[in-house]
């Protein structure tokens, strides 16, 4: 009972957001409303284009459609709350609401990570073992990879939420962030965070780094295979099939490692900006990156737009 009373001493958190200055709130609201609408529209168009064009019914675009679907919900767990807080004087979120937001943010963010690894594996098979591509990347295999990518992150997220729920928050309830992220919340705890920090540096690190290492391994093998192609045109074609995905990987993982591979005590405003990259901006930019650098995707979008007009 004593534990429950200590934990419930903080019933809500105050999200300071990106700026505490009143004159910044409306411009930030307009900016992130535009970003949110562009994100939703772009990812929905990607899904519809892939669904409508039979030539895009391949493993690569199967994974891309799920990535776009997850990105829609990933952004939705964060941006609507930001928009409300921009126009609200009381920028609060309930204790339960904070943990719920954190759960889905981590679950969906990790799902993105594993889907990017699945897409890298698909490109590896396509370039390094093209004669067995259809057999290896069968529909059954793709479904299993997506199921694994979408289910495992929920267990990871649940573990961190359960551990966080064991902490007491009896001092400040002001979160120096625009959403409920684990590092700013740990800094508010007045109980020991040794176990939480240990889990982040062990299980959390392994969970994030494993798909990244799979991507690195895939691209090393792809690079070796491409360098063996005699013609320059063949090399360009091989690289073009990976360019979009590689750009997304650099954007996504670069910002994540910048934020989380540093001591908790050094968490600053710059980390909030870096967090924006992998939580909000990457979801908005993914449709542009995959469509502008991909001829098949451009064709699919043109067909979709043509159908809408007719």
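Backbone N, Cα and C atoms are what each Cβ position is placed from, and that goes for glycine too.
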Q. Ranges 133-155, 156-178: which does TrEMBL label transmembrane segment?
A. 133-155
Q) What stretch of 28-50, 62-83, 133-155, 239-261 shows the most Cβ pairs under 8 Å to the transmembrane segment (103-121)? A) 62-83
